[in-house]
Amino acid sequence: MITWGCQMNVYDSARMTDVLRPLGYTPVADPAAAEMIILNTCHIRDRAAEKVFSELGRLRLIKDEREAQGRKTVLAVAGCVAQAEGEQILKRAPYVDIVLGPQTYHRLPEMVAKAARAGGSVIETDFPAEQKFDFLPEAEAPQTVENVTAFLTVQEGCDKFCSFCVVPYTRGAEASRPVASVLAEARRIVASGVRELTLLGQNVNAYHGEGPDGGTWALAQLAYALAEIPGLERIRYTTSHPRDMGDDLIAAHHDLPALMPFLHLPVQSGSDSILRAMNRGHTADDYRRLVDRLRTARPDLALSSDFIIGHPGETDADFEATMQLIRDVGFAQAFSFKYSIRPGTPAAGAPLQVKEALKDERLYALQALLREQQDAFNDSVIGDVAPVLFTGHGRKPGQMVGRSPWLQPVHVDGPADLVGTIRPVLITQRLSNSLVGNLVEECVPA
Ligand code: 5AD
Ligand code: SF4
């Protein structure tokens with residue numbers, strides 16, 4: 001299983017592994033040892049398809065070599081490139097046996113059987129009427145770091161149609177899993193030792209799942225129910241849309257200590273005219289006010305965001321408005337990207353595309369500011385005692401690594417049995433993207 005792209009792909013790969021296990025397949029590290037190779041792909045930005053074709057060229061050599069030795073090898077392409085470019089893949093890489101979009105993973109065993117029987121290629125990129133989660137087997141404990149943290153998809157797809165984005169086309173319409181199925185999976189995952197759960201969705205805070213009471217539950221209600229699970233110490237969710245940040249969810253950040261004080265809340269731009277062109281449905285000031293309300297509810301809340309530089313029509317003044325928003329809000333961490341044309345999306349054909357050189361210049365300035373803010377945020381916890389959830393071994397011998405409530409990696413010298421526990425750590429030093437500290441004895445609230 002080769003996984004590219006977002007956390008949801010990581011989760012999906014684990015679920016594809018689960019669905020194949022009853023057929024006798026188990027994951028291996030080396031593609032040359034694999035009877036089936038699944039490439040789980042991402043289509044969000046530039047050159048996604050080219051990257052897939054070049055990887056397929058490499059995998060073809062492995063497949064050919066194995067088959068020359070009489071060992072059959074099934075080659076499958078999954079994920080968002082499969083969804084968007086399925087026909088192209090079969091045309092340009094006819095040695096691919098299976099192409100499957102993200103909504104068809106439950107049909108994988110059937111496709112494997114078909115490919116074996118017919119010998120030809122099988123393609124499934126429809127959006128089936130049935131929900132794949134109703135047909136996928138129960139999730140095994142997900143293979144994350146030492147089984148301490150895990151992802152759980154609760155919502156998928158998007159109806160927002162931002163001008164630049166392929167997700168509504170590759171992942172399909174917004175759909176939420178029923179509450180009972182989410183809670184059951186969460187309980188199983190926690191029983192296997194996981195202490196921190198990250199709920200996933202392309203618009204996770206638009207979650208509206210069928211509740212056990214027959215009503216529709218929002219993400220906030222789900223969070224309160226999850227917080228009741230004994231042993232589940234930390235809850236996160238990603239990715240959120242500012243428009244779906246309801247009062248109930250903001251209140252949950254105040255009420256639930258398990259809801260971690262770190263929120264990825266992409267704003268994309270700080271210019272009202274670009275936000276309008278992007279079809280984001282809110283202004284820069286709406287975002288500022290939302291952040292204020294979140295910080296009132298949970299004063300230690302830190303924010304993370306995504307930014308797009310050079311959306312069609314972005315002027316110097318628009319870019320400056322983005323810089324101003326960043327200065328006003330202050331981000332603990334952020335991802336920033338140059339706008340990249342995605343065929344079939346509204347912005348792709350828009351006039352006033354921004355020149356690459358100008359995008360480079362703006363991105364450089366923006367990333368310098370974000371880096372300053374990230375360093376300042378990491379510096380601000382030096383001298384504090386923070387509760388660290390230990391996830392595994394650090395790079396140096398005798399060193400263990402964990403994560404703070406704000407998702408900062410923290411290294412300490414300590415014994416291996418720290419893994420899976422939350423311990424108070426005195427933060428002493430900042431490295432470029434992580435922190436160093438010492439275990440301390442006193443108890444601090446999580
Ligand atoms: N160009 C650049 N960045 C994009 N993103 C989504 N589509 C594009 C695009 N066409 C970014 C957004 C989104 C993140 C996952 O990827 O910032 O939040
Ligand atoms: Fe893409 Fe916008 Fe939907 Fe996010 S909200 S997945 S950026 S269309």
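Numbers run from 1 along the shown chain.
Glycine is no exception: its Cβ is also placed from the backbone N, Cα and C atoms.
The [4Fe-4S] cluster 1 binding site annotation in TrEMBL covers CYS6, CYS42, CYS80. Spatially close to CYS42 ([4Fe-4S] cluster 1 binding site) yet at least six residues away along the chain are TRP4, GLY5, CYS6, ASN9, ALA48, GLY79, CYS80, VAL81, judged by Cβ distances under 8 angstroms.
A coil conformation is recorded for CYS162 ([4Fe-4S] cluster 2 binding site) in the three-state DSSP classification, outside any helix or strand. In the shown protein chains, 23 other C-beta atoms lie within 10 A of the C-beta of CYS162 ([4Fe-4S] cluster 2 binding site). Residues or ranges marked as [4Fe-4S] cluster 2 binding site in TrEMBL: CYS158, CYS162, CYS165.
Annotation comment: TrEMBL describes 1-117 as domain 'MTTase N-terminal'. Counting residues per DSSP class in helix, strand and coil order gives 71 helix, 16 strand, 30 coil for the domain 'MTTase N-terminal' (1-117).
Taken from TrEMBL, the feature domain 'Radical SAM core' covers 144-376.
With helix defined as DSSP H, G or I and strand as E or B, the domain 'TRAM' (379-441) counts 5 helix, 33 strand, 25 coil. Annotated domain 'TRAM' per TrEMBL: 379-441, in sequence order.
Of all the binding-site residues listed here (CYS6, CYS80, CYS158, CYS165), the one with the fewest other CB atoms within 10 A of its own CB is CYS6. The Cβ centroid of CYS158, CYS162, CYS165 marks the [4Fe-4S] cluster 2 site; residues of that chain outside this set whose Cβ lies within 8 Å of it are LYS160, PHE161, PHE164, VAL166, VAL167, PRO168, GLN202, given in sequence order. Checking the binding-site residues CYS6, CYS42, CYS80, CYS158, CYS162, CYS165 against ligand 2, the ones whose Cβ sits under 6 Å from it are CYS158, CYS162, CYS165. Residues from the binding-site residues list (CYS6, CYS42, CYS80, CYS158, CYS165) with a C-beta closer than 6 Å to any atom of ligand 1: CYS165.
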